[in-house]
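Lifted from Swiss-Prot, the feature list:
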| type | residues | note |
| --- | --- | --- |
| SIGNAL | 1-32 | signal peptide |
| DISULFID | Cys41-Cys161 | disulfide bond |
| DISULFID | Cys54-Cys128 | disulfide bond |
| MOD_RES | Thr64 | phosphothreonine |
| MOD_RES | Ser69 | phosphoserine |
| BINDING | Trp82, Arg162, Arg178 | heparin binding site |
| CARBOHYD | Asn129 | N-linked glycosylation site |
| CARBOHYD | Asn168 | N-linked glycosylation site |
| CARBOHYD | Asn188 | N-linked glycosylation site |
| CARBOHYD | Asn225 | N-linked glycosylation site |
| DISULFID | Cys280-Cys463 | disulfide bond |
Amino acid sequence: MYSPGAGSGAAGERKLCLLSLLLIGALGCAICHGNPVDDICIAKPRDIPVNPLCIYRSPGKKATEEDGSEQKVPEATNRRVWELSKANSRFATNFYQHLADSKNDNDNIFLSPLSISTAFAMTKLGACNDTLKQLMEVFKFDTISEKTSDQIHFFFAKLNCRLYRKANKSSDLVSANRLFGDKSLTFNESYQDVSEVVYGAKLQPLDFKENPEQSRVTINNWVANKTEGRIKDVIPQGAINELTALVLVNTIYFKGLWKSKFSPENTRKEPFYKVDGQSCPVPMMYQEGKFKYRRVAEGTQVLELPFKGDDITMVLILPKPEKSLAKVEQELTPELLQEWLDELSETMLVVHMPRFRTEDGFSLKEQLQDMGLIDLFSPEKSQLPGIVAGGRDDLYVSDAFHKAFLEVNEEGSEAAASTSVVITGRSLNPNRVTFKANRPFLVLIREVALNTIIFMGRVANPCVN
C-alpha cells in the first residue's frame with residue numbers, strides 16, 4: 001500500500017495504499033479505449049511513449065544473463081521479451097524459496113509470480129532513485145541486456161500479448177488490472193496513460209475518504225467478477241480507510257482442459273502421505289499414456305501434463321520418498337528447472353494424481369523486504385514521485401497482498417476427448433513407469449514457448465479442501 005512519508009507534514013495526512021491481489025483465472029491482453037494505440041500487440045516502441053520521471057540503467061551485464069545468453073531465442077520472439085520471461089522465472093524461484101522458508105512444511109503454497117511481477121512493474125512506473133534500483137534488482141529486470149527501466153514496460157506489453165492473446169481458446173488464461181484512486185487526488189497523467197495502454201489498468205475513482213467500506217466492497221466485487229467468483233472478500237475490513245489514496249489490483253484467472261483427460265471412473269480414494277507422517281484419503285485420479293517425463297538427480301521425477309492446445313502445461317516435480325520436498329525447493333534454480341524441462345522425453349507412464357483444490361493468500365511485504373526491496377516500504381526512504389500529479393514524494397507502499405486459487409480435476413477437452421492418449425482401466429503393466437503423486441510435490445503452470453512460469457506452488461496437504 002502506498003502511504004505518505006513521515007516527513008510529509010501534519011498528522012493524519014492522506015496515505016497512498018497499494019494492494020496487489022493475484023488470482024488464477026482467465027485473461028485478455030490490454031485493450032486501450034480512447035487511446036491512440038489501436039492494438040498494443042502490433043505497436044512499435046515509438047507508438048508507446050513511456051516517459052517516467054526517472055530512468056534506471058543497469059551498471060553492467062549480470063552473470064545470470066551471461067549464463068543463458070547463448071540459448072536459442074524462440075521463433076518469432078523479441079530477444080528482450082524472451083529475456084523478460086527469463087527474468088520473471090528468476091524472480092519466481094527466488095520469491096518462492098523465501099516464501100517456502102516462512103511456511104510450515106505441511107502447508108500448501110500457491111501463487112502467480114507473473115502477477116506479482118506485473119503489479120510491481122506498474123508500481124515501478126512512478127519510482128525513482130534507490131526505490132527504482134531495488135525494484136529493478138529484486139524483480140530481476142536488470143538482467144535484461146542493454147535496456148533501461150522505462151523500456152521494460154514495452155516488453156511487458158509484448159509478453160502479455162504472447163501469453164493472453166491466443167488463437168487457441170481451449171484454455172482460459174485471463175488477466176485484469178485496475179487502479180482504484182481516491183477521487184480527491186489528481187494522478188500523474190503519464191502514469192495513468194502508460195498503466196492503461198501497457199497493462200490495461202484504467203483508473204476508477206472512489207471515495208475512500210467518506211466511504212472507505214463501500215470502496216472496499218466495490219473493489220472486492222470487481223475482483224470476484226474478474227475471477228468468476230473464485231476470490232471473494234480479498235480485502236479485509238479495515239484495510240481501506242479515509243487515508244487510503246490508491247489501490248492497485250492485478251488478477252489472473254486460469255482454467256485449462258487436459259489434452260488427455262482423467263476418466264472419473266478410474267478415480268478412487270487412496271492415502272496421501274504428508275510430511276508429518278500422517279496420511280489422509282484423497283480422490284486419486286489415474287490414467288496411462290505417453291507423457292513427457294524424466295527421472296532426474298537423486299530419483300526426483302518430473303512430469304509434464306499438457307492442456308489442450310499444448311501451449312500451456314502443468315509440470316509436477318515429485319521427490320522420491322526418501323528425499324524431502326523442502327530439499328528440492330532449496331536446490332531449485334531457474335537454470336536447474338530449465339535443464340530438467342529440456343531433458344523431458346515421451347515416456348509410457350502410469351499416472352496417479354490427486355484431485356484437489358487449494359487457495360492461498362498472504363502479504364508480500366516480508367518476503368520482498370528479505371529479498372532487498374527495502375525503500376519501497378519505508379515512509380522515510382520511498383521515492384514514488386511519478387504517481388500523483390505534482391511529483392509529491394511522500395508516498396510509500398505500506399503492504400501488498402496476493403491471493404491465488406487452483407483446482408485440479410479430471411476434466412479434459414470438451415469436444416475432443418479422443419486425443420493422442422487413450423485412457424484405459426487401471427492395470428499392473430510391469431513395462432510402464434509409474435508416477436504416483438501420493439506425497440508432497442511441486443506444481444508449476446507454464447507457457448511452453450517462452451517457459452514463462454504463470455503459477456507455482458506446493459501440494460503438501462490436498463486433504464484440507
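Cβ atoms are placed via backbone N, Cα and C, with glycine included.
In the structure shown, across all protein chains, Cys128 is the one of the disulfide-bonded residues Cys128, Cys280, Cys463 with the greatest number of other Cβ atoms within 10 Å. Rounded to the nearest whole angstrom, the C-alpha distance between Trp82 (heparin binding site) and Cys161 (disulfide bond) is 13.
Under DSSP, Arg178 (heparin binding site) is assigned to a strand (E or B) in the three-state scheme. You'll find the Cα of Cys463 (disulfide bond) roughly 46 Å from the Cα of Cys128 (disulfide bond). Taking all protein chains in view, 11 other C-beta atoms sit within 10 angstroms of the C-beta of Asn225 (N-linked glycosylation site). Of all residue pairs in the heparin-binding list (Trp82, Arg162, Arg178), the one with the greatest Cα separation is 26 Å apart.
Using a 10 Å Cα-Cα cut-off from Cys54 (disulfide bond), the recorded positions that qualify among Asn129, Arg162, Asn188, Asn225, Cys280 are Asn129. When secondary structure is read from DSSP and collapsed to three states, Cys280 (disulfide bond) falls in the strand class. When secondary structure is read from DSSP and collapsed to three states, Cys161 (disulfide bond) falls in the helix class.
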